[in-house]
Each structure stands twice: as C-alpha cells, then as structure tokens.
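Below: the structure, in structure tokens.
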Amino acid sequence: MKRRQFLKGSVAASAFLAAPALVRAQTAPIKVGILHSLSGTMAISETTLKDVMLMLIEQQNRAGGLLGRPLEAVVVDPASDWPLFAEKARELIEKDQVAAVFGCWTSVSRKSVLPVFKELNNLLFYPVQYEGEESERNVFYTGAAPNQQAIPAVDYLMSEDGGGVERWVLAGTDYVYPRTTNKILEAYLKSRGVAPEDIMINYTPFGHSDWQTIVSDIKAFGSAGKKTAVVSTINGDANVPFYKELANQGISAEDIPVVAFSVGEEELAGLDTAPLVGHLAAWNYFMSVDTPENADFIAKWHAFIGDESRVTNDPMEAHYIGFNMWVKAVEKAGTTDPDAVIDAIVGVSVPNLTGGFSTMMPNRHITKPVLVGEIQENGQFSVVWETPGLVVGDAWSDYLPDSAKLISDWRAPMSCGNFNVELGRCGGA
Amino acid sequence: MKIVLCLPFRPYLAALLMALLVVLPAAGRTAGFEELVERLPHGSYADRAKVIDAISRTGDPRAAEVLNALLEGRLHARKDDGRIVILVDSAGGATAIDALSGENLGGVLAGSTEKIKTNNRLRGMLRTAIGALSLMSPDRETRLMAAQSVFASGDPANIEALDAALAAESDRQVATALAEARAVAILDTDAPVEEKRAAVAILRARGDAAAQAALAPHASDPAIGNEVREALSRIEQAQRVWAIAQNVWYGLSLGSVLMLAAIGLAITFGVMGVINMAHGELVMLGAYTTFAVQEAIRGAAPWLFDWSLLIAAPLAVLVAGSVGIAIERGIVRHLYGRPLETLLATWGVSLILQQAVRTIFGPNNREVGNPSWMSGAFEIGQMTVTWSRLWILIFALAVFFALLLVLRRSFFGLQMRAVTQNRPMAAEMGIDTGRIDALTFGLGAGIAGLAGVALSQIDNVSPNLGQSYIVDSFMVVVFGGAGNLWGAFAGAFGLGITNKLLEPWTGAVLGKILMLVFIILFIQKRPRGLFALRGRAAEA
C-alpha cells in the first residue's frame, strides 16, 4: 500500500516535472517583430501601426493563439533612423528569433532592412503605399503599388464626374516615392494624350513650410482656361502648411482639386478641415466605409486604444490584411518556418475591411479595391468613386520603358522578382 | 393648341379651361419641382447633376433654398419615410424642416437621416445655379457673390438673367461684376463680333488670372483671336510686374518667420555665446502652449476664441522662459566656455523635450485654429496678401523693436550688456552675473516661445516643429553677425527676400541649396557676418 502509493506519487511527480518541458515546446510563444519608429520624425505615422499590431496580436491570442501557441509581440524602436532599422531588424531576427516582422514606413527604411531579411531569411510585411519597382522574395507589400492608387485617381479626375481635368500639377516632396510615382504618372498622362506643357512638376524639400510661391504658381498654372488639378505626393508634415496656404489664397476644391496619396484620416486629425472640403485622396480603405467588418474593426480599435476620437487609416488596414494572411499561411504550412510560410502564403485570401477579399499574388503584392474620397468637414472622407473590382498590385510599372518588360513571379519554377520577358532571363533590365 | 381647338364647342368648358390655363403651368411647375427634389437622393452623381439642372430651371421660389442646403450638406433624406428635409442647427441639436412644405418636423436623432452627397463637380454646378437664382437678391453682398459664381461658370444660359440683373443694378461694383460675368458668357455664344470685342475689352480691363483663364480658350478664335491674344499679352505683362511685387511680399513674410525663429537665438547665441541646440524645442513649447490655451477656451469659453493668441502669448513666454531658465541653471552654466559640451548637452535637452511632448500630447499634429482675424486673404491689385502672414510680419516687427527697447533702454538691458561685454568688471560693480545670465537666457527662451505662438498659425504643431527651424535660425544669426540684433534683422529679411526671388527660377530645393552655398561663400569673406561687432567686444 505504502509502496504503491509511493510509486503512484513518484509517477505523478515525474509526469508533473516532465510536463512543462513538453508543454513548453508546444506552447512557447511565437514571437512577432514590430519594427516601427516610436520616436523621431516618423513617429507621427508609425506609432499607430505599432498599436494596431499589438491589438491584432492580442485578438489572435484571445481566439486561441496560432498552432496552439500564444503570440508574443516584440516591439523595437528604430527611431526614424534608417541605418538603425537594419540593426533593429537584425536584432529581432537573430536575438529574439521572431517568426515574421511587420514594419517600416518610408521606402528608404525598407531598402535599408532588405539585405537583412534576405541574409537571415525572414518575412517582412510592409503596409504602406509605395513607388513599386521592387519585388523581393522576403517582403510582402500589403500597401498600394502605383497602379492601385495613383493611376486610378488620375483616371477619376479625367472622367466627367471628376471634373474632366486636362492640366496637371504633380507636386511632391523630393525623394524616391514622389519622384518614381511622378515619373510613372507623367508617362501615363502623356500616353492618355496630355500635352507636355499641360504638366507641371514641382518638388520641395522635406518639411517644407513656406508654400506661398508654389501655391501662387499653381494658381497661375490653373488660369490657362483648362480644368486643372494637383496630384500631391507631398509627404508628412509638409501637407498641413500646404493646405493652409491653399485655403488662405482662396483656392477651393471646386477650382483646383488636390488629390493626395499621403494624406489620410490620421494626417487630417491635426488640421482644421473646413477649408479643405472637396479635396481628394485615393486609398484602398477609408474609415468612413460602411461595412460590418469595418464597423467591427473600428469598435475594437477604440476599445483597445481607449479613445473614441482616434481614427483608422489605410496602412492600418494593410497590417490587418497582412497579419491575417500570415496567420492563415502559418496555419496552412503548419509551422512558422519562413521558407514554408513564404511558399504557403501565395494565393492566401483574407477579408479586407471594405467588404471584399484580398489575395496575396505571386509577385508579393495583393489585390485591393481603389477608392477616391473627398474630405468632409469632420475630417473623414466620403467615397465618390471606386474601381468596379479589385486591382492586382503591379510590381513593375507598365508605363516606364525599363520596367514594362519585367514581370515578377516567386512561384517555382520562375522564382524571380524581376524576370525580363525580352531577354527571357531573371535579373532585371 | 388643344385648348384653342376646344374653345368654340362649349362656352362653359372654355371658361373652365381658361381657369386651368392660368393654374396649370404653376401647378405643373410645382409638381415638377417636388418630384425633382424627391429624386435627388437616388442615382449616380451624373443623375443628380441632371436633377439639379432641372431644379434650377423650374424657377420655383423654393429652389434657391433647397439647392443652398444641398451645397452646404444640410439636405438630408429621412431613413424611415424618405422625406427630404433641411437640417437646421438649433440649441438642442439639429432640427428638421421639410424641404417642400417648410413644415417644422422637430428635432432629429443623429443617424436617422442620410445626407444627400455632392462632389466637386456638383458643388460647382450648385454655386452657379444658386448664383443665377440670387442675382436679384436685395442683399448687396449676396448679389456680388452671385455675380462672381456666375462669372466662374461662364455658362451662356445665364445671359438673360444677367441682362435682367444688370438693368436693375444700382451698385457700381456689383454692376461691374455682372458685366464681367456677362462678358465671359458672351464669348461662348454666337453673338456678333462687335459684342464679343466689347466682352474682350471688359475682361482685359479686369486683368487678373480669372480673366486670363476666361480669355485663353478663345485665343485661336478666327473672329476675335487677335484682340484676345493682345489682351492676354497685356494681362501677362501686368502680371509679371505684379509677380515681382508678390515675390518681394513673400520674401518679407518668410523673412519675418525667420526673424521670429532666430531672434531668441540672437540673444542666447549672439549675445551670450551659448550654442543652444534646444532653441527649436523652446519654439515648439510656445506652439503647444497655444494649443493648450485653445483647447481650454474651446471647452470653457468658446466666445474667447478670437483672443486665444493674445492670451497664449504671455503664457508662452512664461512656459518657454522658465524652461529656458531651468536649462541655464541646470546645465548650461556649468559649461560656460566649453562650446562643444554645451552643444552636445543642449542637443540632448532638445531630444528630451521632443520626446516629453510626444509622450504628453501624442506624436500626431495638434490642431491650432486661426482666429477669424487671421484667416483668409485680401488683394492689392493682382497681389494676394494673406492675413495670417501680414499679422505675423507685424508681430515680428513688434517683438523686434520691443526687444531692442529692452536691451537699449531698460536697467536689465544695461546690466545684460555689461555682463556680456565684461563679466569680471560687471561683477566688480555689484551685478549678480549668475542671475543676469539666467534672466538673459530666459529672455531668449521666452521670445522663442512667442515665436512658437506665431508659427503655430502657419506650420504644424507637432513634436518635430522645432527641428525645422533650428538650422534656419543659426543661419540667420551667423549670417547677420552674432551679437547684434540688427544683424538678425537684416539677415532674416535679406535671406527671406533672396530665397523668394530665387525660388520661381530655381525651384524650392535648388533655391535652398543655392542659399546655403551663398552663405558659405559669404562667411568665408566675412567670418563675423553682416554686422560684425567692432572694438573690444569683438575680442571677447
């Protein structure tokens, strides 16, 4: 009796002792890296994305985690410092052993972490609209490529509903995204029969705050008797003084509409929007979109952040889509091993917040609807136009001669991000 | 026609029909208007455009009000019965007024009605339609606005209404606006060449960008092309002259901003010789003080909003000044005579201040509103002057001369000059040099805070605000010559005007580069800047 009891006890004890090791292997958290600037100039945009990732991870954990294991967020702060992005990415992958990274905002930060992701073979989900001309095996572009934002917006302005614009000002901040986007737009406008003298291109330095001369130039350019519009790739903080100057000089959206690719709900939150009513933005998501998915997302966001006045925006939706795609791909692959997930994620389809589904394409870009919205007094957008269906993100623009002949398909047997169809080989132009 | 045919048969029927004849058109018109209004919420924007056009043609007296409500986004459709209502703000929320009957339907719950949406094109149409309907308004301002919106549309359909309005108009300014609107419309018709020539002459006399836009499409018209081209070249010539004046004004305005940002630094760096990298953050603190004051006013006393900047100004001096004194007492005074260490330490302070503001107020831009007297613009000839820029220029000059007065005429200014020129001697004379150092630094910081109040009106209020001004501020002080307020004055306006005259030729990016190259060359030639101190003070 005693011995049996002792035996029983020791079996139980050994089981009890052995269990944690076993359980730990199965329930050790899966780490997810979050690589967004929480200080410095980009903190204004990126802090929100960090918060939305924390919310998505928390929700996933409440729903039972992933592969039976909880998720654990590893947050680092690259402080708007581009080389630091690469260091922090390396730290996330090597030291913290994360399964995937969600992060970056500016193209230069993405370019800086690229070699790290290639070398250490990990996944980066990049949630911001960008200039295209890139397709890397380890990067998943969940934001818009130029054909998912810029070109449909221009199409709308050319249409009768958009005012039949014939004269174009392409105004941007002087760095890679506006320069490339404007190159694509210029080629596209010319292909649609716009004369070169009807296109004005203007670049300004980062954080430009004195817009008097440029706005009066735009005013003068717009008085040639043809309907004129401004396509703005002006970045970040420079937008506020730009819109203030437009309003002060009495340029309304009915005279010269401005369509912006970097102005969303978050940017408008710091502005008196009354004089901006009618100016446009093109995105793949607006907070005002009336779908049950979106209402649910906004409610959860407000509950998570504890502030009813916080807005949602397009890059947040991109992270929502990207995160769900990664979860689905991991479930499909049955492991978080990067190679397996990278193969599994192509073709994965998840609901977006505008009432449809987005699919990961073989070129690492996703399918999205394109919406054009007008700014309202309350800082929200009212959708005035949308593409009839989903638009597939195009890594290489068809309107640039060098990239028109490139295609990207990361499935075997091609497995190439820049296959040259003229030369019949991988490796770019 | 039918009615005429009927007439001979039955006299009583004829009488009835005669009565109908009087009533029918009115009744028909009314029914049409009502049906059209009910149709407004449905269909695409293109459909809505047609309905708006039809409504404006009904001539119904209610049309202007309905279209105006649509333009202002106050025209809604009730979700339960589809009734079209106009929302009017009242004390206890919005009240619905039936758009057709004018009946007051009482308060509405948020979400029980749906706004009838418009886009830019529709709003443009609406403005023209309302303009055409209100050309005869008894209010002079309304008539002027109406004439201007009809001018912008250039729609020949309005000529009749314009003629009628012109005949009845007694005010000269409104009559001119009406004639100009008529001239634009005439150009698009088959009117005789003489009339078109007269129209070209009217627009040529107007001579602004809008007239240019109206004339430009007719430059290749075979009948009046010559006149149009001549008028256009005249207008362009005049505009070129005005453009120079405009650029000088922009330069003055940029100069005033540069001076505001730099003038505090002219004291801390110029007079005291402290390289204060946190200067920009002191400007930012001033801007955030303005934000906080406006928030408090919005919550507690909205009628004070127009005074918010005047209330914020002394508070900003206080906030930035005391932070400045704290920096001086806590850090800078231990580092006098060690410029490199000062530079690093104050740079650290700037990062701390930035992140502190980011933690307290969040990383996003904060909305600082313009008081009504600082919004909008007015025109001098062909030149646009925005009120906010004008007030900032006045403010900058006021701050400059006040500071000059303090330094030259006050006892504190005297002590300050004594300490900076000869510290041991000043101490011998019984001046508490430590206290004067702290107060001088505090004065420079307080003025940076004042600059923040002004800059909040034209720039972002974000934690990064200061960074964009720090380089410019040092540029102005070094260029103008350290240690001299007039140097900062000349430096700021010189750089501002040069920059703005360069910008149209070179673009903003190259313009900025050229400015920096110019300053480098200038400093090579005159290392002590524009207004170098001479004599013993220069040796210090």
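Every residue gets a Cβ built from N, Cα and C, even glycine.
Nobody curates TrEMBL annotations by hand; they come from automatic prediction.
Taking TrEMBL as the reference, the stretch among B:168-186, B:282-300, B:339-357 described by the feature transmembrane segment is residues B:339-357.
TrEMBL assigns the feature transmembrane segment to residues B:504-523, out of the candidate ranges B:84-103, B:504-523.
Long-range Cβ contacts of the transmembrane segment (B:307-327) within its own chain (Cβ-Cβ under 8 Å, at least 6 residues beyond either end) map to 268, 276, 278, 282-283, 285-286, 289-290, 293-294, 297, 346, 349, 353, 369, 371, 374, 438-439, 441-450, 452-453, 457. Same-chain neighbours of the transmembrane segment (B:248-275): 282-283, 324, 332, 336, 339, 342-343, 346, 383, 385, 389-390, 392-393, 395-397, 399-400, 403, 416, 420, 437, 440-441, 443-448, 450-451, 454-455, 458, 469, 472-474, 476-477, 480-485, 487-489, 491-501, counting only residues six or more beyond its ends whose CB sits under 8 Å from a CB of the stretch. A Cβ distance under 8 Å defines the sequence-distant neighbours of the transmembrane segment (B:474-498), meaning residues of its chain 6+ beyond its ends; these are 248, 251-259, 261-263, 265-266, 269-271, 273, 400, 403-404, 407, 515-516, 518-519, 522-523, 528-533, 537. Within its own chain, the transmembrane segment (B:390-407) has Cβ neighbours under 8 Å at 252-253, 256-257, 259-260, 263, 267, 373-374, 413, 416-417, 443, 447, 450-451, 454, 457-458, 485, 489, counting only residues six or more beyond its boundaries.
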